[in-house]
Every structure is written in C-alpha cells, then in structure tokens.
Amino acid sequence: MTATFLMSLLFGLAFGQTMSLCVPTGYTMHIERRECAYCLTINTTICAGYCMTRDSNGKLFLPKSALSQDVCTYRDVIYRTVVMPGCPPHVIPYISYPVAVSCRCGKCNTDYIDCIHESVTTNYCTKPQKPYLVGFPV
C-alpha cells in the first residue's frame, strides 16, 4: 500500500466519527385515507444519521439533564400540501407532509418531534398507488 492511501485511511478512521453525519436523507412514504380510492406515494426528506454522544458510567451521581443524549433532529422544515386523488366530494383531499431542509444534532423536542423509532410501523399501500412527482400527480 502506498503511504498516501495509508495516511488517508488513518485520517478517515480517526476523524470520520467526529464529523456530524446528521443530514437530510431521501425517504419514500405512502399515504392512504380510508375514504379515498388511491394510495399516494410521496418522496420527501427526513433527518437521519448519527450524532456524537457520551454515555456516562456514573449515572447515579449526575443530574437528569446530563443524561439526555443528542439525536439527529430537524433544524429547518417546510410543509408541502398535495391533493389526495380519488376522494369523494365530502372528504377534504389535502394532505400536508414535512420536508427536512436542514438537520442538526440536539435534544429531542417532544412537543413537535416523535423521538421514538417504532420498527413495527409499516410503510406500504393497500390500495392502488398514485405516484406524486414535483407537485403534480402522475
């Protein structure tokens, strides 16, 4: 191996974990309404990644505020609204969904963020799909 490659590898291993890997990441979600005929497939962005955190061994001697860990959370969010296709006239067809513009590592604010990852949640359609691209149904 060359010295340059070896130095690059060592540099990456040493400093790679210190950089924030909390970034907006592409995510596909499926939205259904019981009253509407179709399922809507939407591509958006969510905050995902890793944040540096420390887990202290002396938890009994620290205040509770020192025990909370940083999570990858939203810095800036915009909401987009789309029309759900195939809804009857008495149903409001508008759906708003979040789009992560920027992310940060910080404390999880449970007032507006779900801080728990539920692995049993499904993300699929049970009805025929209508993809949604750049604000226009296809």
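Residue numbering: from 1, along the chain as shown.
The backbone N, Cα and C atoms fix where each Cβ goes, and this holds for glycine too.
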Candidates C22, C115 - disulfide partner of C72 as recorded in Swiss-Prot: C22
Disulphide partner cysteine [Swiss-Prot] for C105, chosen from C47, C51, C125: C51
Integer Å distance between the CA atoms belonging to C36 (disulfide bond) and N43 (N-linked glycosylation site): 20
Secondary structure at C105 (disulfide bond), reduced by DSSP to three states: strand
Cα-to-Cα gap, C51 (disulfide bond) vs C87 (disulfide bond), nearest whole Å: 42
Chain-internal residues near C47 (disulfide bond), provided their CB is under 8 angstroms and they sit 6+ positions away: C22, V23, P24, T25, C72, T73, Y74, A100, C103
